[in-house]
């Protein structure tokens, strides 16, 4: 053998020493050999690292770590894995069967030398984890609409599937909100009303209240036409106004049980705070989970392709139909990735003239969007003022159609604005040249600003009418008692009308627009007008905004109408089946697919915006606007929030001092500073973690280059050997 061949073989020998993670290492020490230092310095990874090091000493130190004895490394690996066997299963390690058996033998050997107490702890820990795994598997089978959502994912992709998963989350959220209100407010009243327990009502005494402020006109009696019941059912007036559906029904101070008195005003306020806090925590928790997934998947696009192609298939699938669904789902995800890659390449290839042109066009189109929003807000304001001024004056003189039109005028204008503006925004955004994912997010932002701002305009208009009047009733009662004797109930009626009318519009559009359009496209496809119209696409931004809009109404209205979450739950359940039927039979898949990882996080972010906007009018209503003196549980308080100081005054003096100290400015300012410091710490920690992730990604890239270099050297050595 020539000297060059021997040298080449020596160079080829280190091919068995690539940079491998510990979990991929073989435990056989004979598989390792100590390569020369000079050869390691020829690796691309070493050269890249050497350029970054400032001293030779650090490089030598790093080289020394690479030259550790493989025997000691192998034994350290065995010890480390054996120590972790108590907390993790062997199946979690990327080892072959023989090595897993070897580790299992090590585990059994270690168990013999443990005390009975340690053996029992390890055995109970394993049993508990096995039980949790089985319970987790069982709960996945109990998920609401699990099979329906998986079928939608396979046929239409993960983007549309994320909408239905989001709808399922809102169903569960509203159900929990209703249970909170039911347990804290409705259940004590029902137990007393139907004599289930030995309890009685404590009626509210009207103290220091002017008699004029306590007047609450009763609904007209006598001959009532049949259509009046329909109006009452659709608007929440008449017979529904006096039921437990609205705030004005709860005119009791408490429920007296055998040993204590249940404070209903306090429970009513606590239920409101509880459902808002629960909604906030639940949404933030799900948003953080979605943000983690979004952050991981958005780092490296090539890695996403590799994961889907080489590791995307679920080999546990044995059913033919489920295999087809999984195949379709992977195809849609790959199409979404390729479409986004095409948009990125197109953006990268733009010239400076094209960039200036597209940004100028976007600026002009955004001015049009702002003009449309301003016109809608003004129309809602005018409609609300007109409806409130004519509702009490002339409603008894009107016929059925005029009566219903006056009652529903704000809801009609809001619904028309919500129906027209998304179509305008969808037409506008086509000329702005964004990626499919960003198109959806920007359209949702515009529509959410439109839809949620319309609710804010309505509530602001109602608030201005409630707190302003021409006579002396505002000075006497604190609000416009003549027009709004029980203003909380009337705000609840407006929220009720918005929810009912929104539900009617969703059903009407599906049954009388989407379904006939499908029939025309199917049986009259030769007509040019029908060809231009085309088959309906499932518009995710519009549908998401629809349910976020409905949920925001529910959050605002639950204080004024305690049963509104139950109505919202039934509404969303029906919407799920209606939208599923519409998707399967009247819609076609979108020609521009998009990924769901971004959508899930963004849907929750939009929902969080809706929750924040709902908290603002509720906070003002509870803390600023005087409570009605003619109805509701807070007639003895100037504002709803006054029930909290009254309750605190009944506590022991030491507890009162503690609460006053915690809520004082002397505590709030240092607490806020500490929170800011903690937040800055976590921001810095997140930045450090991100830098580590970048370094690890670079290390993975360098390892692949090392492997290519070693394969090249091995090929050269084999060629020299043959020669």
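Even glycines carry a Cβ here, placed using N, Cα and C.
As annotated by Swiss-Prot, topological domain 'Extracellular' applies to 1-168 (among others).
Positions annotated as region 'Disordered' by Swiss-Prot: 1-21 (among others).
Per Swiss-Prot, the feature N-linked glycosylation site maps to 24 (among others); the stated evidence is sequence analysis.
Summarising the annotation, Swiss-Prot assigns region 'Disordered' to 51-70 (among others).
Feature annotation from Swiss-Prot assigns N-linked glycosylation site to 84 (among others); the stated evidence is sequence analysis.
Feature annotation from Swiss-Prot assigns phosphoserine to 89.
Its Cβ placed at the centre, residue 96 (N-linked glycosylation site) has 11 other Cβ atoms within 10 Å. Following the DSSP three-state reduction, the secondary structure of residue 96 (N-linked glycosylation site) is coil. According to Swiss-Prot, the N-linked glycosylation site annotation covers 96 (among others).
What Swiss-Prot records for 169-189 (among others) is transmembrane segment.
According to Swiss-Prot, the topological domain 'Cytoplasmic' annotation covers 190-219 (among others).
Residues or ranges marked as transmembrane segment in Swiss-Prot (evidence: sequence analysis): 220-240 (among others).
For 241-263 (among others), the entry in Swiss-Prot reads topological domain 'Extracellular', with the evidence type sequence analysis. The average pLDDT the prediction assigns to the topological domain 'Extracellular' (241-263) is 83.
The N-linked glycosylation site annotation in Swiss-Prot covers 259 (among others) and is backed by sequence analysis. Residue 259 (N-linked glycosylation site) carries neither a helix nor a strand DSSP state and counts as coil.
Among the features that Swiss-Prot reports, transmembrane segment is placed at 264-284 (among others), with the record citing sequence analysis. Within the chain, the transmembrane segment (264-284) has long-range Cβ neighbours (under 8 A, six or more residues past its boundaries) at 173, 176-177, 180-181, 184-185, 188-189, 250, 252-255, 555, 558-559, 562, 565, 604, 607-608, 611, 614-615, 618, 622, 633-634, 637, 640-641, 643-644, 647.
Under the heading topological domain 'Cytoplasmic', Swiss-Prot lists 285-362 (among others).
Residues annotated as transmembrane segment in Swiss-Prot, with sequence analysis given as evidence: 363-383 (among others). Within the same chain, residues 409-410, 412-414, 417, 421, 424-425, 428, 431-432, 446, 449-450, 453-454, 457-458, 461 sit at least 6 positions outside the transmembrane segment (363-383) and bring their C-beta atoms closer than 8 Å to a C-beta of that stretch.
The topological domain 'Extracellular' annotation in Swiss-Prot covers 384-404 (among others) and is backed by sequence analysis.
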Hey, which of the glycosylation sites 259, 638 is the loneliest by Cβ count within 10 Å?
259
Using DSSP and three states only, what is residue 638 (N-linked glycosylation site)?
coil
Sequence-remote partners of the transmembrane segment (169-189) [C-beta within less than 8 Å, at least six residues beyond its ends]:
144, 199, 244, 250, 252, 255, 262, 264, 267-268, 270-271, 274-275, 278-279, 282, 286, 547, 551, 554, 558, 562-563, 565-566, 568-569, 572-573, 576, 607
Between residue 96 (N-linked glycosylation site) and residue 638 (N-linked glycosylation site), what C-alpha distance do you get in Å?
73
Cα-Cα separation of residue 259 (N-linked glycosylation site) and residue 638 (N-linked glycosylation site), in Å?
29
Long-range neighbours of the transmembrane segment (602-622), counting only residues six or more past its ends (CB under 8 A):
162-163, 166, 170, 269, 272, 276, 279-280, 283-284, 286-287, 290, 440-441, 444-445, 448, 452, 455-456, 459-460, 463, 488, 491, 544-545, 548-549, 551-552, 555-556, 559, 639-641
So, by DSSP, how many helix, strand and coil residues make up the topological domain 'Cytoplasmic' (687-723)?
36 helix, 0 strand, 1 coil
